[in-house]
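Asker: Once you've had a glance at the structure underneath, I'll fire off some questions.
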Amino acid sequence: MSSAAADHWAWLLVLSFVFGCNVLRVLLPSFSSFMSRVLQKDAEQESQMRAEIQDMKQELSTVNMMDEFARYARLERKINKMTDKLKTHVKARTAQLAKIKWVISVAFYVLQAALMISLIWKYYSVPVAVVPSKWITPLDRLVAFPTRVAGGVGITCWILVCNKVVAIVLHPFS
């Protein structure tokens, strides 16, 4: 495929990249949750701790506070200690989960920005599409920016239009 033919299909290339990035952005929360579940296996330990706390509370309900105060107090302290340990464990896991989601989001947006910058760089002086100039007469210079081709649609305008159209199309799915 020659360079001229590649430039002829630039509008489709940009549209597909924008569509792909927006679909990935919609799927990003699900992907982040999946990755955090894969990277964190602490939920089993937490459920075991919860089960132990439940067992101790059940045992505590069978102990008479008046007759066996020492045993009751010991068991109550043990429950409180285990509950505090569980709370700190959950806080640490939640913080790690937020960090994982943040890193995945930042990585995605950096890659998306790099992709858009590379598209702008490649098609900076070439119009992505050429339409009759009377179709865009009042805004022809703005739409053609940065190419300065009469009737041309510049890469920046095309990316904005593609983003808006794809966002409208994907809105029901997000």
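If you go along the chain as it appears here, the first residue is 1 and each next one adds 1.
Here the Cβ of each residue, glycine as well, is placed from N, Cα and C on the backbone.
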Asker: So, ALA98 and PRO138, same side of the membrane or not, per Swiss-Prot?
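Answerer: Topology check (Swiss-Prot): ALA98 vs PRO138, domain names differ.
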Asker: Same chain, outside the topological domain 'Cytoplasmic' (170-174) by at least 6, Cβ under 8 Å from its Cβ: which residues?
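Answerer: Beyond its ends, the topological domain 'Cytoplasmic' (170-174) has Cβ neighbours at 22-23, 26.
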